[in-house]
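Single-structure report; data block below.
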Number of protein chains: 4
Amino acid sequence: MKKPVILINFKAYDTSFGKKGVEIAKQIEKISMEYSTEIIISVPPTEIYRIASEVSLPVFAEHVDSNSLGAYTGSVTPEMVKEAGGKGTLLNHSERRIRIDEIAEAINRSRKLDLDSVVCVDRNELVRAIGTLKPTSILIEPPELIGSGISVSKARPEVITEAVEQIKEFPEVMLIAGAGITSGEDVATAIKLGASGIGVASAVMKAKDPMRVVEEFVRSAKSV
Amino acid sequence: MKKPVILINFKAYDTSFGKKGVEIAKQIEKISMEYSTEIIISVPPTEIYRIASEVSLPVFAEHVDSNSLGAYTGSVTPEMVKEAGGKGTLLNHSERRIRIDEIAEAINRSRKLDLDSVVCVDRNELVRAIGTLKPTSILIEPPELIGSGISVSKARPEVITEAVEQIKEFPEVMLIAGAGITSGEDVATAIKLGASGIGVASAVMKAKDPMRVVEEFVRSAKSV
Amino acid sequence: MKKPVILINFKAYDTSFGKKGVEIAKQIEKISMEYSTEIIISVPPTEIYRIASEVSLPVFAEHVDSNSLGAYTGSVTPEMVKEAGGKGTLLNHSERRIRIDEIAEAINRSRKLDLDSVVCVDRNELVRAIGTLKPTSILIEPPELIGSGISVSKARPEVITEAVEQIKEFPEVMLIAGAGITSGEDVATAIKLGASGIGVASAVMKAKDPMRVVEEFVRSAKSV
Amino acid sequence: MKKPVILINFKAYDTSFGKKGVEIAKQIEKISMEYSTEIIISVPPTEIYRIASEVSLPVFAEHVDSNSLGAYTGSVTPEMVKEAGGKGTLLNHSERRIRIDEIAEAINRSRKLDLDSVVCVDRNELVRAIGTLKPTSILIEPPELIGSGISVSKARPEVITEAVEQIKEFPEVMLIAGAGITSGEDVATAIKLGASGIGVASAVMKAKDPMRVVEEFVRSAKSV
């Protein structure tokens with residue numbers, strides 16, 4: 001993962017999968033190339049292979065299960081993500097919380113496969129706890145701001161500055177900020193506050209013109 | 001789903017995904033064509049698109065989440081399965097139990113999309129309960145026999161005969177038997193006892209020569 | 001359980017436990033005796049023994065786990081509820097959904113111990129499914145009305161009438177209606193529509209004068 | 001919690017609740033007094049009030065939910081445990097794993113109520129992670145040894161010594177060792193290795209003569 005990190009979580013919108021998913025991914029790829037800026041997209045498990053086959057962006061899973069390979073029905077393992085062309089995974093998103101032992105196991109398994117892991121936390125109290133497990137990144141998102149249109153950068157900048165301070169104990173772990181980010185200014189502010197990048201979902205996936213939004217984000221991120 | 005149903009659950013073995021997964025699927029397809037017998041395979045979510053693009057077999061999901069489309073991270077919805085080329089889904093496998101309201105919701109959503117739904121139950125007591133929800137099929141599997149190599153046909157034939165009796169109340173729902181099925185004789189016995197087909201996983205996925213096993217199953221199924 | 005059923009779910013309000021919990025239970029007992037009408041209360045697991053020791057009302061658990069006795073940490077089993085003086089249990093409340101196999105197991109274990117089981121469902125589609133498992137009662141509660149102050153009796157009477165129709169297939173199972181019930185009129189309407197009684201929580205537990213509310217409910221229930 | 005910590009987890013054995021539960025608690029109390037050594041017992045939620053009313057031992061919950069007070073059905077909150085006479089709680093036992101945000105919330109809520117919190121972890125990797133959340137104690141238990149009769153002290157002493165090293169970063173947090181502890185020697189070894197005490201369940205609860213076992217443990221703990 002390269003700074004500034006721009007991570008777009010596709011979630012499960014009707015534009016997140018199938019042809020529409022591929023289409024948005026291609027548009028994002030275009031901007032990524034135009035601005036020579038890496039943009040990470042996390043997509044539903046059904047879409048990893050398809051999207052990773054069609055675009056050069058790093059494609060992440062939105063979640064992986066921590067069970068080993070074997071007699072498990074319905075699970076998505078790091079090995080499957082890797083084999084499908086994925087480069088990493090989100091873990092513990094507020095819409096998909098998992099247990100601490102599962103987080104540890106999924107980080108370790110991902111690391112062995114050279115997959116990045118981005119662990120979401122909802123409060124500063126958990127930054128150190130997750131930091132000890134050495135994921136690639138921690139994404140801090142106050143859940144009350146997710147999808148709200150009120151950005152963490154503006155509404156709760158202290159969440160970012162405190163997390164940036166906390167992450168210094170773990171120099172190999174990056175700190176990303178998310179929740180309610182909708183404008184280029186939100187992105188720039190987060191980075192100025194010390195974050196290595198931002199995570200976003202609805203502002204892009206629900207936009208009439210996702211391209212315009214992503215472009216604004218990338219420009220702002222580069223301008224800092 | 002056509003009688004006799006032969007459903008092979010790929011689970012999460014190291015042969016269940018990536019190139020190996022595609023390879024086994026192609027071998028199964030070959031036998032399916034040779035014997036003009038439909039064989040259903042259920043595969044990990046990451047593999048649905050890839051395998052469905054390469055083989056003509058009906059590809060099922062191993063599980064679907066019942067959440068609607070929207071701000072959900074890490075979920076696999078019926079819409080995604082459909083869009084990826086899937087034809088149906090397993091639900092409530094003993095390795096992925098879900099709640100009754102989730103089962104009902106997933107069946108209804110699948111039905112609207114013309115996806116088949118196969119709901120697993122672990123005991124006769126639940127056949128009627130699930131029958132009232134009108135899935136395409138119910139797969140009865142005593143969990144203690146799953147992966148045991150001791151087949152339900154031999155060890156507990158009364159489970160099948162009782163389920164066959166119970167399912168008559170729901171003429172549109174098929175009854176499939178599973179757990180421990182390893183030989184052609186197990187398949188034939190299940191069908192003679194009144195099951196519309198069988199479900200199998202380890203006997204195929206862990207076989208040295210999966211083809212031989214599948215071929216034996218298909219022959220036996222057709223011989224009844 | 002005797003008709004008309006009046007079931008008050010204590011939930012986890014600050015008045016639901018400790019001295020306050022006992023106090024409310026005693027007030028409810030007073031009305032129960034005054035009107036010679038059975039009133040069932042379901043209380044947190046920590047309160048069953050204490051409240052059952054102090055009042056003559058049937059005390060229910062709000063939930064029981066379905067694991068057997070043994071090496072299980074943190075569980076509440078039917079045996080513990082019985083031993084603590086409980087007479088039954090709620091199951092599958094919308095705030096504590098469980099799986100279909102857990103519901104079946106908990107009903108069976110409760111039945112063996114002569115404990116009543118009241119299984120909550122959120123829609124008519126599940127009435128028959130749960131009916132096949134033969135709990136003592138089914139409590140139908142459209143979740144969007146729970147705690148809303150808008151009663152199922154008024155807002156969605158067809159939910160009750162349809163459930164009453166469906167339950168006839170299971171003559172030994174009672175049908176109770178709940179969600180948003182706040183007035184005596186709501187109670188009377190539910191019973192007139194064919195319900196064997198009502199379930200209520202916030203209207204009593206959050207009332208300034210719980211006694212007045214319970215008294216109104218009992219009077220209305222008896223008046224039908 | 002005082003050193004040496006001796007924590008007996010009652011779990012859900014048939015001797016863990018009702019009259020038998022009280023009886024065992026009283027026998028443990030006797031030894032506790034005889035040897036002037038604090039012994040903590042964690043008991044099912046239904047038993048906290050009853051046992052805490054009858055014995056002077058510190059009674060802990062086996063688990064608490066992290067939801068706040070309010071419209072929650074079936075939950076056990078720290079407030080309820082406190083009100084019932086409890087002095088603390090186990091959290092995240094391998095038989096009752098919870099999420100990291102739930103662990104954090106439960107620790108904080110317990111601390112505000114002056115309840116002790118003992119968080120179980122299954123591997124050294126999680127000691128620092130949980131340490132950052134400042135529970136009263138961390139109980140490390142390799143799950144493959146739980147109930148095995150093969151003690152962590154003998155089979156995997158390095159688990160204890162490493163954890164003792166790790167916990168030094170958090171001087172206010174105690175480290176307790178558990179899993180498979182059956183003899184006084186196991187207890188003494190754990191304490192010699194640097195643990196502040198031990199956790200035990202089956203060796204006491206399934207013993208023919210629990211008293212003899214507890215007495216041996218206490219003697220050994222005091223002898224170090």
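Glycine is treated like the rest: Cβ placed from N, Cα and C.
What TrEMBL says about a protein is an automatic prediction, not a curated fact.
Residues or ranges marked as active site, electrophile by TrEMBL: B:His93. Within 10 Å of the C-beta of B:His93 (active site, electrophile) we count 27 further C-beta atoms, all protein chains included.
Per TrEMBL, active site, proton acceptor is recorded for B:Glu141. Here B:Glu141 (active site, proton acceptor) comes close to B:Ser94, B:Cys120, B:Val121, B:Asp122, B:Val152, B:Ala177, B:Gly178, B:Ala179, B:Gly199: these same-chain residues lie at least six apart in sequence, with C-beta atoms under 8 angstroms from its C-beta.
In the three-state DSSP scheme, B:Phe10 (substrate binding site) is classed as coil. Among the features that TrEMBL reports, substrate binding site is placed at B:Asn9, B:Phe10, B:Lys11, B:Ile146, B:Gly180, B:Ala201, B:Ser202.
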Against chain A, with Cβ pairs under 8 Å, which of the binding-site residues B:Phe10, B:Gly180, B:Ser202 show up? Give them in sequence order, please.
-> B:Ser202
Collapsed DSSP category at B:Ser202 (substrate binding site) = helix
Measuring Cα to Cα, how many angstrom lie between B:Phe10 (substrate binding site) and B:His93 (active site, electrophile)?
-> 12
Where the record says B:Asn9, B:Phe10, B:Lys11, B:Ile146, B:Gly180, B:Ala201, B:Ser202 bind substrate, what is the longest distance in Å from one Cα to another among those residues?
-> 15
Where B:Gly180 (substrate binding site) and B:His93 (active site, electrophile) are concerned, what is their Cα separation in Å, rounded?
-> 15
Looking only at Cβ atoms, how many others are within 10 Å of the one on B:Phe10 (substrate binding site)?
-> 25
C-alpha spacing of B:His93 (active site, electrophile) relative to B:Ile146 (substrate binding site), in angstrom | 11
